[in-house]
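Going by TrEMBL, these are the annotated features:
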- Glu170: active site, proton donor (ACT_SITE)
- Glu253: active site, nucleophile (ACT_SITE)
- 41-347: domain 'Glycoside hydrolase 35 catalytic' (DOMAIN)
- 395-514: domain 'Beta-galactosidase 1-like first all-beta' (DOMAIN)
- 564-626: domain 'Beta-galactosidase galactose-binding' (DOMAIN)
- 1-24: signal peptide (SIGNAL)
Amino acid sequence: MGPSRSFQNLLLLLLPLALALCSAAASGEASRRFWVENDTFWKDGAPFQIVGGDVHYFRIVPEYWKDRLLRAKALGLNTIQTYVPWNLHEPKPLSWEFKGFTDIESYLRLAHELDMLVMLRVGPYICGEWDLGGFPPWWTDGGEYYSQKSHHYYTAMEVLSSWCRQIENEFGSFGDDKNYLHYLVEVARRYLGNDIMLYTTDGGAIGNLKNGTIPQDDVFAAVDFDTGSNPWPIFQLQKEYNLPGKSAPLSSEFYTGWLTHWGERIATTDASSTAKALKRILCRNGSAVLYMAHGGTNFGFYNGANTGQNESDYKADLTSYDYDAPIREYGDVHNAKYKALRRVIHECTGIPLLQLPSKIERASYGLVEVQKVASLFDVIHNISDTLKVAFSEQPLSMELMGQMFGFLLYTSEYQEKHSSSILSIPKVHDRAQVFVSCSLGDVRKPRYVGIVERWSSKTLQIPSLSCSSNVSLYILVENMGRVNYGPYIFDQKGILSSVEIDGIILRHWKMHPVSLNAVGNLSKLQLIMQMTDAEASKVSIYGDSENKSQDVSLYLNEGISEEPAFYEGHFHIDSESEKKDTFISFRGWNKGVAFVNNFNIGRFWPAIGPQCALYVPAPILKPGDNVIVIFELHSPNPELTIKLVKDPDFTCGQ
């Protein structure tokens with residue numbers, strides 16, 4: 001099944017890049033090549049031991065790419081491994097991105113300049129605690145795994161040349177379609193020739209290796225396993241899935257730490273035991289790739305998620321992808337794990353110890369006051385593209401709405417009973433906040449009712465509003481990150497079932513995609529009006545109800561305390577030299593998303609932790625006025641302040 005004409009056109013655009021990188025790799029020397037023979041890796045005619053580490057370009061601001069690679073080299077690494085996320089490079093069908101965070105050409109050139117081998121994990125599936133395992137969300141028609149979409153992407157990405165190229169990722173954990181793997185190999189050979197070494201990575205167990213390897217295509221089979229495993233019996237098993245003499249022992253994912261989900265304690269691993277486990281590999285001339293050498297940050301909405309025994313057992317990943325790696329999220333290398341691994345690498349391989357990079361300066365810019373700019377309901381018509389607002393008998397998924405990330409507001413109406421009602425949403429992905437108001441009342445100040453979550457109760461009691469008209473129902477659904485591994489990876493978002501009130505299906509839905517692309521302009525709308533107590537007492541929120549004696553001000557205060565709203569703060573930096581890395585502490589806040597100078601630095605959720613502060617790299621900042629916009633889903637810090645501090649904090653919710 002070959003590539004479409006549009007992809008063939010794309011290849012013509014990218015082919016010069018492939019030629020440039022191949023030329024750079026060869027450096028004009030015909031003798032430069034990489035291969036495996038006599039169960040040993042060879043590079044440029046000499047035996048070569050891979051001492052590598054994953055450093056993902058898309059989790060690091062581009063201005064810091066060289067810095068992080070230098071820190072990896074000082075650790076003793078001679079190889080860099082990175083995933084290539086399809087969803088970042090093709091956010092819309094046939095709309096390709098190769099600038100900024102997606103400028104992979106520049107990243108590979110930097111690695112070449114530092115004389116580091118590159119192991120490129122193109123996928124199309126990457127896992128990596130990344131949204132949908134790297135698949136673009138517009139692709140989530142579950143049965144399409146082996147479709148042209150995957151083939152086309154792979155064809156397009158294959159023109160990014162490196163010496164080592166991974167075919168798929170841990171494919172043996174999911175299936176055993178050898179025809180699919182053979183096709184990807186055919187594409188790779190067609191566009192890159194035979195000098196590029198292709199490899200697979202699978203867990204070091206018989207089932208995984210049997211399903212995921214294709215030695216008959218001369219594709220090297222690497223293994224991964226945890227630091228508690230004895231590596232050499234696994235390397236012996238690895239031999240059975242490589243051609244004779246073609247099984248150099250390689251753990252292509254040697255875990256230096258582990259991932260953390262919201263609501264868990266931060267995952268850490270002991271520096272000494274990690275170093276001892278690495279020593280068991282390297283000192284017997286085995287090869288290993290540290291996963292991770294440097295984790296970085298899940299900026300924006302790209303964090304992944306996991307599930308347990310069923311798809312409702314949902315656990316979203318933190319914004320931080322520190323991973324307890326030797327090079328910390330903010331670049332620190334003056335820590336026990338970095339030093340212990342560095343000593344072992346030097347001891348086992350003889351790689352010279354380079355001078356440790358200097359510490360990256362961080363600044364505490366102090367307390368920043370914020371003010372409320374607008375309630376979501378004040379500005380929903382300003383931040384929701386009218387051309388994308390949709391009407392449907394049943395709720396539509398985010399993907400069908402073209403709202404691939406973030407939030408979608410669903411609205412409908414129902415006829416109220418005299419008593420309270422039961423709202424039921426059997427399937428919501430992932431977290432819904434529910435609001436109601438009388439349809440003829442103040443619909444810009446709906447009343448907060450509660451939360452329906454994917455992982456907990458799917459019903460909610462709605463109190464009676466005693467409306468003279470229908471009740472307007474508002475459901476704000478947050479996509480908290482798509483599942484990136486396991487049987488429930490086809491993870492569509494939004495309301496994925498009917499919605500019922502007292503057993504009756506609600507129909508006639510209106511859906512507003514919430515755009516957060518230009519939150520810096522919200523303050524210009526000037527829609528917030530300060531209401532005096534006298535003005536508040538005149539507001540009719542109950543329509544023509546006789547029940548007007550209720551405490552209106554209490555009603556409004558309750559709504560304000562739990563309404564999604566935007567807050568804005570400013571801080572000043574005197575000069576370019578004063579720009580430093582910093583962290584925004586959200587202690588006292590609840591849950592939301594933060595933007596610095598219109599850059600989405602990620603999600604915060606100190607209410608359950610463990611992450612309290614979000615990393616802000618210095619390149620995001622600027623001399624002069626710096627603007628922080630916070631989209632808080634519930635209630636802000638009562639003091640309406642945040643703190644810009646020097647150090648990360650993983651102690652919230654503990």
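Just so it is clear, glycine is given a Cβ too, placed from its N, Cα and C backbone atoms.
Across the range of the domain 'Beta-galactosidase galactose-binding' (564-626), the DSSP-based residue counts are 6 helix, 32 strand, 25 coil.
Long-range neighbours of Glu253 (active site, nucleophile) (same chain, six or more residues apart, CB within less than 8 Å of its CB): Asp54, Thr201, Asp224, Val289, Tyr291. The average per-residue pLDDT of the prediction over the domain 'Glycoside hydrolase 35 catalytic' (41-347) is 89, rounded to a whole number. Secondary structure of the domain 'Beta-galactosidase 1-like first all-beta' (395-514) per DSSP, as helix, strand and coil residue counts: 4 helix, 55 strand, 61 coil.
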